[in-house]
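Note sheet for the following structure.
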Amino acid sequence: MSSAITGWEHPDPLQRADDGLNCHHDGQGGKKARQAGSSSSSQPTYSVLDVPPWYLCILLGIQHFLTALGGLVAVPLILAKDLCLQHDPLTQSYLISTIFFVSGLCTLLQVFLGVRLPILQGGTFAFVAPSLAMLSLPAWKCPEWTFNASLVNTSSPEFTEEWQKRIRELQGAIMVASCVQMLVGFSGLIGFLMRFIGPLTIAPTISLVALPLFDSAGSNAGVHWGIAAVTIFLIVLFSQYLKNVAVPVPVCGGKKCHTSKFYLFQVFPVLLALCLSWLLCFVLTVTNALPTAPTAYGHLARTDTKGNVLSQAPWFRFPYPGQWGLPTISLAGVFGIIAGVISSMVESVGDYYACARLVGAPPPPRHAVNRGIGIEGLGCLLAGAWGTGNGTTSYSENVGALGITRVGSRMVMVAAGCLLLAMGVFGKIGAAFATIPTPVIGGMFLVMFGVITAVGISNLQYVDMNSSRNLFIFGFSIYCGLAIPSWVNNNAEKLQTGILQLDQVIQVLLTTGMFVGGFLGFFLDNTIPETKRGKTRPLTVGQGWCS
């Protein structure tokens, strides 16, 4: 899911101060020196098949990892409360490490076997809403004692079973739904489906991925609004006000050294803000400026509330399939996750064409798109088997990073995938991210979810919003996507049919705003006659808004 906060004004964040020669590396690194301006500014420094020097692959691979970091870490932290893990940061660290590992594995599969473009794979927000809807069913609501830190013994078999049976239920639903995605991809059905899915379906669907999460973001930020506000301020400062400010860095090549301009704030706004806010919380903890009483307001902003996680976490821990036990399957969970799968597939198709355009490759043919969606389905199957509690999708923010760095080599993404695998095995890394203070997470969520909502709404630029038909479809779809889930959550007993499985399916689907809004947008857009003025093109693969 796109959370692109970085800017686009500077296509190359590491730029020679003297604007000398641009060097293009062919094949195994053979250089073709060209005068600046002799080629189109849209041409990448390294194309898809080029192999940059190994050190450049590693550095740019690290950059892609850091760009995706916010989204990768956010998913397990959002799910933690509904998995009964809010007082078990050590297990949260295991989930973070697992999602790192699976993301690296899926990235390598996509680069070598899928669409074969430099696209990073990672956790998807499209699965979060149906997952939370499933976990809100009466059968899966966390017991009251799990909300009281003093009553939670994280090493007890009773507590372990409480959270593991929930994640096993998620695993089963994700694995079955992923088979649907593999079928749609490898059979070529995605091209047929895209003919009927237009911007008026996509806009409410993507917007409603993030809008219902306002409660989670607000609750985390409300632990200490001061710290959350500092985090938000820093993200906005770096991503919007300082994005055009270049930081001089020394670069040495061969026998000669020179100063280059690096647009640090444009590339890493979220990471910088997170680290500085984290440091602020540490200083306030050391000086006891934050309350020490567990019940006091602002206590969870202290960095020592989860400090023992780093010492408890092993240095190396190898995630493996079935690490939480044998997955279980329920019909309600499967239907809910399928709604997320559809949203994820449509966004990924758009990412494939955007990626090809940015790296100077021709538009991917139908068979490549089909293969990419099929491999993403395989990635979701692996994510379910490993137990991330989530699936995988193409990361739009990393596609955006390609436009900034102008390095489109697949070997860079291979380096990023290998780095993710290594980070997933190195247990202390996941533990470090699990110790991020709660209000810092809340501030990051407020910005990230706001941007995702805006990305969804931005799809309306491809339709005529002066048309009363289009205004009605979008407005009605998104409002129902908020109103109906709210009513169902408060009146679930009024929808009971007497068949438990059917009741659960209905409740999960109708409490997933993304499904409600997307379905209404899809139905109305394909049934209400179009006027000449309000006409929109169908989204066939390789055409329309996603090309």
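Cβ from N, Cα, C; glycine included.
Over in TrEMBL, the protein carries these features:
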type: COMPBIAS; residues: 19-29; note: compositional bias 'Basic and acidic residues'
type: COMPBIAS; residues: 36-45; note: compositional bias 'Polar residues'
type: REGION; residues: 19-45; note: region 'Disordered'
type: TRANSMEM; residues: 53-80; note: transmembrane segment
type: TRANSMEM; residues: 92-113; note: transmembrane segment
type: TRANSMEM; residues: 173-202; note: transmembrane segment
type: TRANSMEM; residues: 222-242; note: transmembrane segment
type: TRANSMEM; residues: 263-286; note: transmembrane segment
type: TRANSMEM; residues: 324-342; note: transmembrane segment
type: TRANSMEM; residues: 412-434; note: transmembrane segment
type: TRANSMEM; residues: 440-459; note: transmembrane segment
type: TRANSMEM; residues: 471-488; note: transmembrane segment
type: TRANSMEM; residues: 508-528; note: transmembrane segment
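Here the transmembrane segment (92-113) does not lie next to the transmembrane segment (173-202) in space: the count of CB pairs under 8 Å, restricted to residues six or more apart, is fewer than 3.
In this chain, the transmembrane segment (471-488) does not touch the transmembrane segment (412-434); fewer than three CB pairs sit within less than 8 A of each other, excluding pairs fewer than 6 residues apart. With respect to Cβ pairs under 8 Å, the transmembrane segment (173-202) is most closely packed against 324-342, considering the stretches 222-242, 324-342, 440-459, 471-488. Proximity of the transmembrane segment (222-242) to the transmembrane segment (263-286) is established through 3 or more Cβ-Cβ distances under 8 Å for residue pairs spaced 6 or more apart. The transmembrane segment (53-80) makes contact with the transmembrane segment (440-459): 3 or more of their CB pairs lie within 8 A, with pairs spaced 6 or more apart in sequence. Looking at 263-286, 324-342, 471-488, the range that has the most CB pairs within less than 8 A of the transmembrane segment (440-459) turns out to be 263-286.
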